[in-house]
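> Dropping a structure here in structure tokens format, bear with me for questions.
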Amino acid sequence: MCHQQLVISWFSLVFLASPLMAIWELKKDVYVVELDWYPDAPGEMVVLTCDTPEEDGITWTLDQSGEVLGSGKTLTIQVKEFGDAGQYTCHKGGEALSHSLLLLHKKEDGIWSTDVLKDQKEPKNKTFLRCEAKNYSGRFTCWWLTTISTDLTFSVKSSRGSSNPQGVTCGAVTLSAERVRGDNKEYEYSVECQEDSACPAAEERLPIEVMVDAIHKLKYENYTSSFFIRDIIKPDPPKNLQLKPLKNSRQAEVSWEYPDTWSTPHSYFSLTFCIQVQGKSKREKKDRIFTDKTSATVICRKNASFSVQAQDRYYSSSWSEWASVPCS
């Protein structure tokens, strides 16, 4: 469909009285009205047009109410608050002809509302989305938190770059965890995404952009995150930990392997490792050693444990979780 046809189709559904485009189409028959949220705010005037060739005998209702709001092919409404949002339906002779769902996006003191998601405050305040990648394959996972349990939907879009975006495909959003935090329950949602034409060895010049649309009842909010894959790398823990006590010695030879999920070849995508021996009491001082090798000799006392974690050798991204094995 050409641009002109798109414009005609758009205005056959909703006409904007505001010159600032304070209403836009989220998806078919669903529109977001952007409102400055303060006492006595004027709101936005919206003119809805029934998608039908009929001209006469048309009436309008809101949601499940049978109350007739107006008649005629168009309906003019002043949207000021959530009571003005919802699904508007035009009817004729008891038959529904078309629908338009209006959602509200609040702006208070020039700042868009962030009521739906919880601020994770890591690595900094106002962090609503967090993302990690296990390797350089272009596959990554993002997650977010909310205390809302019902009437909640999410959709995710992603690309590399914004001016000339390159494809990133994201799967379905899933509820991945539930936790109790004091008197509140916290819900973690996540999504997995894959860059369509990833080149693991290439230098990244444009960041990945992730955009999450959140809808709670009739409230719309939008959250974004921008990053390079190299900045969100967090390897899986090293695997196959082996500990072999040395004869007539308190020392032990320990070894481990790269995680299966790490990029190959390992000669190019190299890891560095942090190893430590932890006594039975967590208050005991930990002896930590850093090495690029996959083996080491350590003093491993009775009732202690040996642990190792991994990090990209050439870029200071996140360390993996610890992998551990008892000393005896």
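Quick reminder: no glycine exception, Cβ is built from N, Cα and C everywhere.
What Swiss-Prot records for this protein is below:
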- 1-22: signal peptide (SIGNAL)
- 29-106: domain 'Ig-like C2-type' (DOMAIN)
- C50-C90: disulfide bond (DISULFID)
- N125: N-linked glycosylation site (CARBOHYD)
- N135: N-linked glycosylation site (CARBOHYD)
- N222: N-linked glycosylation site (CARBOHYD)
- 237-328: domain 'Fibronectin type-III' (DOMAIN)
- N303: N-linked glycosylation site (CARBOHYD)
> For the domain 'Ig-like C2-type' (29-106), jot down how many residues DSSP puts in helix, in strand and in coil.
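Looking at the domain 'Ig-like C2-type' (29-106) with DSSP, the answer is 3 helix, 44 strand, 31 coil.
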> Going by DSSP assignments with H, G and I as helix and E and B as strand, what are the residue counts for the domain 'Fibronectin type-III' (237-328)?
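Final tally across the stretch: 0 helix, 44 strand, 48 coil.
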> Given the glycosylation sites N125, N135, N222, N303, find the one whose Cα is closest in space to the Cα of C90 (disulfide bond).
N222
> Have a look at the glycosylation sites (N125, N135) and report the one with the fewest Cβ neighbours inside 10 Å.
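Each of the glycosylation sites N125, N135 was scored; lowest Cβ tally within 10 Å is N125.
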> Out of the recorded positions C50, N135, N222, N303, give me the one sitting nearest to N125 (N-linked glycosylation site) by CA distance.
N222
> Taking Cα atoms as reference points, which of the recorded positions C50, N135, N222 is nearest to N303 (N-linked glycosylation site)?
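Going through C50, N135, N222 one by one, the closest to N303 (N-linked glycosylation site) is N135.
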> Secondary structure at N125 (N-linked glycosylation site) (DSSP, helix/strand/coil)?
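It is coil.
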> Please report the Cα separation of N135 (N-linked glycosylation site) and C50 (disulfide bond) in Å, rounded to an integer.
51
> On average, what pLDDT score does this prediction assign to the domain 'Fibronectin type-III' (237-328)?
91
> Given C50 (disulfide bond) and N222 (N-linked glycosylation site), what distance in Å do their CA atoms have, once rounded to a whole number?
28
> When you measure from the Cβ of C90 (disulfide bond), how many other Cβ atoms are you left with inside 10 Å?
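A count of 26.
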> Would you find the one among the glycosylation sites N222, N303 whose Cβ has the most company, meaning other Cβ atoms within 10 Å?
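Of the glycosylation sites N222, N303, the most buried by Cβ count within 10 Å is N222.
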